[in-house]
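As recorded in TrEMBL, the features of this protein are as follows:
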type: BINDING; residues: 184, 186, 188, 228, 229, 234; note: Ca(2+) binding site
């Protein structure tokens with residue numbers, strides 16, 4: 001696993017995302033999450049670079065591979081997310097936020113989780129606008145949108161992906177904490193997920209993720225990792241935990 005960590009860490013971010021996305025398309029049932037993660041936690045420019053790197057490396061487009069390896073609602077959501085080029089500014093339209101919060105609430109109330117309007121909003125609106133919409137949702141309807149979505153079928157894989165998408169777009173650090181916790185706590189550490197998150201977030205927000213991890217799990221992330229890993233792999237992950245201290 002140390003070779004895998006070195007490979008991911010030394011690749012350019014766009015190349016790394018292209019590799020992760022390509023691997024995910026090959027075993028899509030368990031890796032929808034990775035495709036969504038790449039699409040929703042990168043900036044518009046970073047996602048564009050990943051798509052360009054994908055062209056160069058695999059001689060086809062990321063979206064055609066995603067479309068080929070997925071079906072139904074998963075295809076609709078994932079293709080629209082990986083092809084998104086969101087506005088990155090802070091400006092928000094509060095009238096629009098109110099209107100779309102109401103629209104989303106009606107669809108969720110009717111359990112229409114795959115509704116085209118929900119998918120359109122999640123894949124085209126800026127992250128600032130989406131946050132404004134979900135804040136309005138909570139103000140108007142008395143609960144967070146993720147809480148509303150918890151009332152759906154626990155075994156509904158699409159609903160699970162939808163919840164993760166919303167979390168990635170609004171509070172990515174909480175999404176990463178959840179993935180890290182399940183990667184570290186499961187019997188036999190999920191080294192793939194652990195390596196992916198540490199290497200892709202090391203120079204971005206791993207410090208914030210580490211602080212949130214400790215707040216939610218009462219154990220420092222470094223300690224959790226060293227309990228579960230050994231040797232050069234452990235040393236490399238611990239070194240990367242300090243990479244965004246500068």
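Numbers run from 1 along the shown chain.
Including glycine, each Cβ sits where the backbone N, Cα and C put it.
Location within the structure of each feature annotated in TrEMBL.
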residue	record	Cβ neighbours (10 Å)
184	Ca(2+) binding site	21
186	Ca(2+) binding site	11
188	Ca(2+) binding site	6
228	Ca(2+) binding site	18
229	Ca(2+) binding site	21
234	Ca(2+) binding site	17
